[in-house]
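Undergrad: Once you've had a glance at the structure underneath, I'll fire off some questions.
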């Protein structure tokens, strides 16, 4: 491919040089001489406006894409409200279908113990989904305090021109530095940081559980509803053919009532929506679970990957200072100090604060000695 380009560019460069040489001659046509002069004048103006001895190709690319970055940041900022409303509407529609369509059907077929189990599990799951989503939206992710000189500073933010503690990154959408920033989530219209990271992951986890529960539990109802919809289509087709043939003396085929049609279509909608969300959100939840097990955020994964490659080229081994071990990483992330906290802080709604203040990252006192030794690099 490079050889083909060289074959094409060679004659083009030769023709350009000939035109430039002809432009300096007096016998050259005035039109050609004027075009050459304008070309050179344009090059001088362009270089005088854009030349920077400290810049390079990366700087030029960043400057060229800056309008696109600005457009994306502002679009995501305004679309966040739309995404939040969409999540609320879709979740409310599933809950409404479960009460109005699914519940009357299972009351006729399920036994009392089975009904009790579904009643308690579904409402427990729904409460956790609503609680964690509300907390993830309304809880600020955490920002570095302004005007403090006693905090541990790692670097200076190039956007805010303020001290930036460890694991702090600048969000171009919120236009602020965020403590332990993971990413900006448009579905929350909020940054995921130190103080709401647990709420975000818990919402993803329990929403995935709820979608799997609805999809698996409504499989039989979905099959019956889908078959009924196909039958409705066939009956409507036969009815249209009968009207076209003007067979008024024949008895019209039986049709489904409006309530039955709405119920069947709602069950199909429920199954497809829950199944698709379970697959997409389940993959995202697994991805974040892997990152939490490694003691890193989405941004730190890219940083650690580059640092790992840099040290590997020098024959050295990279160690993550914030990796205390898989189990201890989860304890720190979920705020679990005792065995009782797995129930009161994980399986039940809890608004407890995470460990630390998001600026200094000393290991908790209950972290094992092995984890502490891993930190010391």
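Quick reminder: no glycine exception, Cβ is built from N, Cα and C everywhere.
What Swiss-Prot records for this protein is below:
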- 185: active site, S-palmitoyl cysteine intermediate (ACT_SITE)
- 155-205: domain 'DHHC' (DOMAIN)
- 1-79: topological domain 'Cytoplasmic' (TOPO_DOM)
- 101-116: topological domain 'Lumenal' (TOPO_DOM)
- 138-198: topological domain 'Cytoplasmic' (TOPO_DOM)
- 220-266: topological domain 'Lumenal' (TOPO_DOM)
- 288-377: topological domain 'Cytoplasmic' (TOPO_DOM)
- 80-100: transmembrane segment (TRANSMEM)
- 117-137: transmembrane segment (TRANSMEM)
- 199-219: transmembrane segment (TRANSMEM)
- 267-287: transmembrane segment (TRANSMEM)
Undergrad: Just give the helix, strand and coil counts over the topological domain 'Lumenal' (101-116), going by DSSP.
TA: 14 helix, 0 strand, 2 coil
Undergrad: Are there residues at least six beyond either end of the transmembrane segment (199-219) with Cβ under 8 Å to its Cβ atoms? List them, or say none.
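TA: Contacts with the transmembrane segment (199-219): 94, 98, 102, 118, 121-122, 125-126, 128-129, 132-133, 135-136, 139, 182, 185, 188, 192, 267, 270-271, 274-275, 277-278, 281-282, 284-285, 288-289, 292, 333, 346.
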Undergrad: Can you name the residues of this chain that are 6 or more positions from residue 185 (active site, S-palmitoyl cysteine intermediate) yet have a C-beta less than 8 Å from its C-beta?
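TA: Within the chain, residue 185 (active site, S-palmitoyl cysteine intermediate) has Cβ neighbours under 8 Å at 136, 191, 192, 200.
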Undergrad: Can you tell me which parts of the same chain pack against the topological domain 'Lumenal' (101-116), counting only residues 6+ beyond its ends and a CB-CB cutoff under 8 A?
TA: 218, 221, 263, 266-267, 270
